[in-house]
Amino acid sequence: MKSVSVRQEPDQRPHSHLSLTSTELRTSVSDEIESKPPAFPNDTMRDALARHSIQLPDATIDKLDLYCKLLWEWNEKINLTRHTDYERFVSRDVVDTMHLAKLLRESEEVLDVGSGGGVPGITLAIVRPDLQMTLSDNTGKKVNVLRDMVEKLGLECAALNFRSEDLLDENRFDALTIRAVGPLDRLLTWFKPYWASIRRLLVVKGPKWKEEQAEASRRGLLRELQVKVAAEYPLAGTPNNSVVLKIWPKNAPER
């Protein structure tokens, strides 16, 4: 597990431009599509993974299954996810996770921003246990849930109740994973002061990513950055695609 340095508890510091609201944390790419009844009412984790041609070791599948059960149990008490059946969990959450996993090198130090219910932070820690994952969220109730699930899943990752800038002030990360946190121009504004602590961003985006990139460019936020579509794949249940954008400084090599 990565050792993460922090200065103070978050409630001892004033909120800044990097604070995430609970509304922003609840907004997700997949939530753009209205929830529908389960397409496979007698589904299992293995069935759903097989339908999407995802092959994983049995122990990993069992851990994903346990994570789902823990998440759905907590979801009855606190709003964490709308993906409450195996098909939606696999087609949206696991598919995103697998594409992110392919873009991370062995044993890299990764900060998951606005971890919420644990996607992609916990799911990455499950499918890539070599990664040094740190989960972050500024909502205390969600962090308590994350810690409970991490403990019950036996994962080697920290779940911290801190805003991202609290961690980036004193820590360096190979990658930040970002999913369903905010539009691209807002993300790039937030992280502009912290590129000395970040090698790259890996940002999961839905079908409006080109408009978001154009707005970020219009605001001059891409002048010193490289942006690459590192992965593109179908967004299940829609005619659209999701992408993973890789973003890094122009004066640094691509990783």
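Cβ atoms are placed via backbone N, Cα and C, with glycine included.
According to TrEMBL, the residue from G114, G117, G206 that belongs to the S-adenosyl-L-methionine site alongside D137, N138, T139, S164, E165, R179 is G114. Among the record's S-adenosyl-L-methionine binders, G114, D137, N138, T139, S164, E165, R179, no two C-alpha atoms are more than 17 Å apart, and one pair sits at exactly that spread. Around the Cβ of E165 (S-adenosyl-L-methionine binding site), 17 further Cβ atoms fall within 10 Å across all displayed protein chains.
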